[in-house]
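Here is the structure we will look at, set down as C-alpha cells.
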There are 2 protein chains.
Amino acid sequence: MKISPLQKARYEYTPKLPGMLRNGIADICVKEGAATQSVADQEKIAELFPNTYGKPEITFEKGKNTSADKKQIVGVILSGGQAPGGHNVVSGLYDALKATNKDNVLLGFKGGPSGLLEDDYIEMTDEYIDQFRNTGGFDIIGSGRTKLETPEQFAVAAEVCKKHGITAIVIIGGDDSNTNACTLAEYMAANKTGVQVIGCPKTIDGDLKNEDIECSFGFDTATKTYSELIGNIERDANSAKKYWHFIKVMGRSASHVALECALETQPNICLIGEEVADKKMSLSEIADYIADSVEKRAANGDNFGVAIIPEGIVEFVPEFSVLISEINELLAGSKTEEFNALPSWEEKYEFIKAGLTKESMAVFEILPQGIQQQLFLERDPHGNVQVSLIESEKLFSALVADKLAERKAAGTYKGKFGVQHHFFGYEGRCAFPSNFDADYCYSLGYNAFMLIQYGFNGYLSKVSNLSKPAEEWVAGGMPITKMMNMERRNGKDKPVIKKALTELDGAPFKYFAAHRDEWAVKTSFLFPGAIQYYGPSSVCDITTKTLALEKGEEI
Amino acid sequence: MKISPLQKARYEYTPKLPGMLRNGIADICVKEGAATQSVADQEKIAELFPNTYGKPEITFEKGKNTSADKKQIVGVILSGGQAPGGHNVVSGLYDALKATNKDNVLLGFKGGPSGLLEDDYIEMTDEYIDQFRNTGGFDIIGSGRTKLETPEQFAVAAEVCKKHGITAIVIIGGDDSNTNACTLAEYMAANKTGVQVIGCPKTIDGDLKNEDIECSFGFDTATKTYSELIGNIERDANSAKKYWHFIKVMGRSASHVALECALETQPNICLIGEEVADKKMSLSEIADYIADSVEKRAANGDNFGVAIIPEGIVEFVPEFSVLISEINELLAGSKTEEFNALPSWEEKYEFIKAGLTKESMAVFEILPQGIQQQLFLERDPHGNVQVSLIESEKLFSALVADKLAERKAAGTYKGKFGVQHHFFGYEGRCAFPSNFDADYCYSLGYNAFMLIQYGFNGYLSKVSNLSKPAEEWVAGGMPITKMMNMERRNGKDKPVIKKALTELDGAPFKYFAAHRDEWAVKTSFLFPGAIQYYGPSSVCDITTKTLALEKGEEI
C-alpha cells in the first residue's frame, strides 16, 4: 500500500508520556486522593450509581507497581464523530497492555458501540497497530453513533464480554458516550460481571471539559487546521482587498472552536453563541454589529475582512428558536400536507403569514428567500425544521448586505461589500494529530490501561497540567460520577456529564472581548500557518490559546 | 505587532539558491546560448518585436562578473491573483540588488500595474522587507488586475520611470502579465528609454509552463494546501463511511491543480477539463461516469467516496458551452427586459423553452432548478451568464443523484448517497510558501536582478532542473518572445504566451489515467497532511508529482 511521505515519517514519531509514566510499568504506583462527589445533585447521583459513586480521584506516581498479576483482555470502542488522535489512544492502550503482560489481549470493536453489541471485532497486533500510529482518522476500527444506554444493551454487552473473557472496556467518546460509559460501569459492577469500564475524553468541539478534564482530545489539531485556513484567507483578503469572507466553523452546541480560532487568527468579527444567548441578541442586532465593522473599515478604505460564524449560532438566537418552534407547530400533523398542496410559494407565504405570530413573522420576513424556503421545504422525518442545514454564514452575509444597503441609502456607508463563504469542519476531524494531540492521546490510552490494571471502574482517563511540557503532565483517573449532574432530556431527568459551554467570565472569552473592538476596525490578522510536526518547539509543541488563558498564562 | 510562532520561525529561514548563484555576486558570469525563435508564427512575432526577438537563451555560471558598474533603480510589480512566494521574489531581487551595490534602489509599485501608472510606490528597506521574508500573501505592496497593454499606458510608465531614474521594471505575473511585460519591453527598447523589463512566472493554476519554464511559482504550495484538506476529508470519509464529498478546486482555464491534487491524494474520481473537451463528453456522460464509481463502491458496501471537480469544468463541456451561447443570444438587447417582466418562473421557463434549440433545451432540462434559475437571473453587466458562479460541485452531485435514482429504480444500485460539498481556492493562494516555493521564488528574484545587471530586456527569469535539489538548479533567462504565438483574442490576432493546458499525452495525466479505474472502486486514498517546513527532507523539500512525472521520475 502506498503511503505519503508525512505518514511514513510520522510512524517514526515517539509520543511523549507524562514524566511519571516514563519509568516503565514496574515503576508505576497509585496515589489515592480524597473521596469525590458529583458537581451537583449529589444525593440523586449517589443513589443512581451506588457502586461507582464517591470513589477517590487517583494519580499515578513513580513507585513499585502493586497491581495484581492478572491476564487482561480489553475491548476498545471509538464512539461518535472523528477527532485527531483516536489512533494514538488505541496505540497507547495497546503498548501499556503488552508491556505489562505480552499475553494480554486488545480487541477493537468495529464501527462504534454497535460493534460490541454485534460482537464484531478484530484482535490488535503489532503489525496492525503500527499502520495507524500518529495518524488521523478513526479507520483503525471505525466509529459509530449507536448509543449504549439501555439495560437490554448492557446485558448484551455483558454477554459478549463474558464470551471473550473481557476484563475491561475502554470507551473513547464525548460527553454523552462517557455518560453512557459510566452507566455501563455501574451495570457491570451491580451485576458482578467483573468487567471494568474506563472512558477517554474525545471531541473536537471542546465541550467536554471541566475542573478535572482540561481539554478533550482533537480540539487542538482541529482548531489548528481551521486556523491555518482562516489565517490563509485573512492574508488573501489583506492582499486582494476585495472581499469579506464569512467563515463558518464546526461546533453546534458550544462556540469553543470559533473562539479558539479567533484567538489564533484575530479576525474582524467572531460570533460566540453563548454571548448571543446571554444578551438575547436578535438577528437584526447581530447583523448591525457586523455591519458596524464593515462600515468603519470601509471608512478607512478597507473594503475587506473576515468574520467567523460558529455552526450552531442560530440556535442561540432566542427569537430564531421561537420562530423554529412556531414553524414546527404550524406544520404539525396533517397541516404539512395542506401546506405542501399549495401550488406556489406566494400562496405558501400567505399560509405562513397567517400561522405565525406577529413577532415571528417579523423575524421570518428579514430572512433571505432561500433560507425561508429551506425552513419550510426541507424537514426531517419527524417533520421538524432541520436547523443544522441552515447556511448561517450565508444568512448573516445576506442580513449584513441588507443593513449596508440601508446605510448606503442613508449616506453613512460608502463602501463595497463583496462576499465569499466558507465552511470548515470535515477538514479538521481527521488531520494527522498535532504533537500535542499525539502525545496527549497516547498518554490517555497508556494511562487508561494503568487504571484497568489497578482495578478501577467507572473512571475517566485523566491527564492534566497540559499547558506545560509533557514531562510535567500529571496522569491519573477521575470517577465519571464526579462530573455528573441531573438534566432534563426528552422529558426525563437524567444523570449526565455537564456539557461545557463557553464561559463569558472565563479568561479566553475575556481576552477576546478585550481585543475585539480593535480587531473589528484595524487589520490585526495573525497567520498561524499549517500544523508543524517538526521544527522549533515554539512552533510544533504548543497547544491552544484557550488552554493557556485558562491556565492564567500570557498569550 | 503580534506575529504567529510559525511566522517568527520562518523569518529565520534562509532560502536555497541554485548552486551557481551561491558564490557571491562577484562570481556570477553569463553564458549565452544560441539565438531563439518563437514557438510558432515566427515571422509575425519577429515583426512585432523587432528589438526583443531572437535573443539568445542565457545561463549564469561561476566566473568573473563582467557586468557594467551602474547604479540600478528597479521597480517591481505584483500582477493578478495571489500566489505563495511572491514576497520571496521581492526579497531575492532586493538582496541581489543590495549585494551588488548598496546604493541601488528597489521601488515597489503598489496595488499592481496601476501603481506604476499612478506613481504610487514605496522604497524598500531592510527593515520593511524583513517583515515579509518567507511569508505568504502579496501584502508587501499589494496586487491588482489592471492590464498594462496600451501604448498610452506604456508612455505613462516610461514617464514615471524617467522621473525616478528607473533602470528596470520586474513584473511578477501569469501568462497575460508576462505577455504584457514583453510588449512593454519592446516599447521601452523601441523608444530608447533605457528601461529594461524582466518577467517572473507566477500562478497557482500551473498554466504558465512550457519547455523553458518548468513550473510557475505558487502551484506547489497551493496544491499542497488543497491536498492536505482533500486527504483529511478522505480519511474522514473512510472513517465515517457515510458521505461522498464533492470537492471543487480552483483552476478555471486548465485542470493542473485538480490533477496534481489527484496524484497526491488518489481520490475515487477526478474530472479533467481538457479530457472532457477532447472526448466531447456531455453532462450526462460525466454524471454516468461518476455514478458508475458510486454504484461499484456501493456494491462493495462502501457508500462513501471523494470526487475532485476542477472549478472551470462546465466550460469544457461542449453542449454546455452551446447552451450558454444560446442563453446569451436569447437574452441579448431588449429581450432581457421582456424576460424579466414575466411574473413567474413557469412563464419564464416557457419563454426559455421557446427560445432554445431542442438540443440545448435537453441539456437545460437536466440541470437542477437552482442552477437553471442562476443561469437566467444572475448575469454580468454585459447581460452574459456568469459561468464562474456556477457551483459545479453541486451541479454534478445533483446529476449523479438523478442517475442513481434511475439505477435504484432499475434495481442495479442499492446504496445510499449522502453528499457534502467543498470549494478550495482562497485557502491556498496565501499560505506560507513551501520550502520549494520559498527557494524557487527567492532564486527567481535574485536571478531577475542578475538579468538586469547584465543588461537583458524582455526576458523571463528562469530557474530550471527543479525536481532536483536546489544545489543542482540552473539559473538563467529566456527571451519572452520565444514563448509566444499568435492567438485570436477579442476578434484580433494578438501575440501571446501560449497557455499550458493539461496534456492528455503528458506523463502526469497518463499516470492518473493508468490508475484511476482502480481508485474509482478501491479505497486507495493517500493522506499528504499539512505542508511541513521542517523535518525530514523527504517531507519538507519535495515538489509536485506533476513535475516529477514530467521529468520522467518515479512517484
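FYI, residue positions are counted from 1 along the chain as it appears here.
Even glycines carry a Cβ here, placed using N, Cα and C.
Automatic prediction, not curation, is the source of TrEMBL annotations.
Taken from TrEMBL, the feature domain 'Phosphofructokinase' covers B:74-315.
Residues or ranges marked as diphosphate binding site by TrEMBL: B:G81. Taking Cβ-Cβ distances under 8 Å and a sequence gap of 6 or more within the same chain, the neighbours of B:G81 (diphosphate binding site) are B:S143, B:G174, B:T203, B:I204, B:R429.
In sequence order, B:T203, B:D207, B:L208, B:V496, B:I497, B:K498, B:K499 make up the list of same-chain residues 6 or more apart from B:D175 (Mg(2+) binding site) whose Cβ falls under 8 Å from its Cβ. Here TrEMBL flags B:D175 as Mg(2+) binding site.
The site 'Important for catalytic activity and substrate specificity' annotation in TrEMBL covers B:D176. In sequence order, B:G80, B:K147, B:V496, B:I497 are the residues near B:D176 (site 'Important for catalytic activity and substrate specificity'), counting only same-chain partners six or more apart with C-beta under 8 A.
According to TrEMBL, the feature site 'Important for catalytic activity' maps to B:K202. Following the DSSP three-state reduction, the secondary structure of B:K202 (site 'Important for catalytic activity') is strand.
Note: B:G251 (substrate binding site) has non-local neighbours B:D205, B:G206, B:D207, B:V257, B:A258, B:P310, B:E311, B:G312, i.e. same-chain residues 6+ apart with C-beta under 8 A of its own C-beta. In three-state terms derived from DSSP, B:G251 (substrate binding site) belongs to neither a helical nor a strand segment and is classed as coil. If you look up TrEMBL, you'll see B:T203, B:I204, B:D205, B:K242, B:Y243, B:M250, B:G251, B:R252, B:E311, B:Y426, B:E427, B:G428, B:R429 marked as substrate binding site.
TrEMBL lists B:D205 with the feature active site, proton acceptor. Its own atom aside, the Cβ of B:D205 (substrate binding site) has 26 Cβ atoms within 10 angstroms in the protein chains shown.
A distance below 8 A between C-beta atoms marks none of the recorded positions from B:D176, B:K202, B:D205 as lying next to chain A. Around B:Y243 (substrate binding site), a 10 Å sphere centred on its CB holds 19 further CB atoms from the protein chains shown. Taking the C-alpha positions, the distance from B:E427 (substrate binding site) to B:K202 (site 'Important for catalytic activity') comes to 17 Å. For the substrate site, whose binding residues are given in the record as B:T203, B:I204, B:D205, B:K242, B:Y243, B:M250, B:G251, B:R252, B:E311, B:Y426, B:E427, B:G428, B:R429, the maximum C-alpha distance rounds to 36 Å. Confidence over the domain 'Phosphofructokinase' (B:74-315), given as mean pLDDT on the 0 to 100 scale, stands at 97. Note: B:K202 (site 'Important for catalytic activity') has non-local neighbours B:L78, B:S79, B:G80, B:A83, B:G85, B:G86, B:V89, B:I172, B:G173, B:G174, B:S177, B:L208, B:S216, B:F217, B:G218, i.e. same-chain residues 6+ apart with C-beta under 8 A of its own C-beta. Secondary structure at B:R429 (substrate binding site), taken from DSSP and collapsed to helix, strand or coil, is helix.
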